[in-house]
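Student: I have a structure here, written as structure tokens, and I will follow up with some questions on it.
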Amino acid sequence: MNNIWWQTKGQGNVHLVLLHGWGLNAEVWRCIDEELSSHFTLHLVDLPGFGRSRGFGALSLADMAEAVLRQAPDKAIWLGWSLGGLVASQIALTHPERVQALVTVASSPCFSARDEWPGIKPDVLAGFQQQLSDDFQRTVERFLALQTMGTETARQDARALKKTVLALPMPEVDVLNGGLEILKTVDLRLPLQNVSMPFLRLYGYLDGLVPRKVVPMLDKLWPHSESYIFAKAAHAPFISHPVEFHHLLVALKQRV
């Protein structure tokens, strides 16, 4: 069986599982893991095929969620950033008894633009898939630059993301393509109407991948959830605004 890379740290009485985004790995959380591990028992995970979780091919969202769940604590707050938000959401839908609270960060239940739904144009995602075969590293770097564009700390935030990618071997092209396929095709807008655990959605006002227009739309669709927008953040608010991010999670802990 292929193994998911998993690291546990901290002594908190609540478990917090952190799931990273497309093309990256768990090293992306190093900017906040020390602070969080003083409040939570923290679980850092490389998604299947990414980082140190080698030996996986492209997986569907459901298979990715099941692979991650195999090593997870019985009950935890599940936090997913970007693509990781879809994985955390899938776990909340299929195994709600394992999820104390769901937190999505700069994530959308439907990343791809649809009729009357803002998102990434499908041809942009298809273009990334094509370019992966042509110039793998440059395509990943372009995607990372998109994630920090517009913020006051854009350059240093992009450097932090690039350092995370380069710290470990690059994922296989089919794994990256599989991740883009999930972003292109998955739509969890209606299923997530039915989750009953605390549900916190965090966004960056300047995010170029998850338009802020989706926030009021999802407030209406999911009235049981809460949303918060980081006024000066883009797609990686935990890198640009770590203190604010940390406070929101500690406040959530008091409620679960």
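Glycine is no exception: its Cβ is also placed from the backbone N, Cα and C atoms.
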Student: To which of His235, His241, His246 does Swiss-Prot also attribute binding of substrate at the site defined by Trp22, Ser82, Leu83, Phe143, Leu144, Ala145, Leu146, Gln147?
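Tutor: That substrate site, as Swiss-Prot gives it, pairs Trp22, Ser82, Leu83, Phe143, Leu144, Ala145, Leu146, Gln147 with His235.
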Student: Which of the recorded positions listed here (Trp22, Ser82, Leu146) have a Cα atom within 10 Å of the Cα of Asp207 (active site)?
Tutor: Leu146
Student: How far is it from Leu83 (substrate binding site) to His235 (active site), counting Cα to Cα, in Å?
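Tutor: Checking the Cα atoms of Leu83 (substrate binding site) and His235 (active site) gives a distance of 12 Å.
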Student: Tell me the Cα distance separating His235 (active site) from Leu146 (substrate binding site), rounded to the nearest angstrom.
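Tutor: Each residue's Cα considered, Leu146 (substrate binding site) and His235 (active site) end up 8 Å apart.
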Student: In three-state terms from DSSP, label Ser82 (active site, nucleophile) for me.
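Tutor: Assignment for Ser82 (active site, nucleophile) reads coil.
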Student: In sequence order, which residues at least six apart in the same chain have a CB under 8 Å from the CB of Leu144 (substrate binding site)?
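Tutor: Spatial neighbours, sequence-distant, of Leu144 (substrate binding site): Gly23, Ala158, Leu161, Lys162, Val165.
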Student: Please report the number of other Cβ atoms within 10 Å of the Cβ of Leu83 (substrate binding site).
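Tutor: I get 24 for this one.
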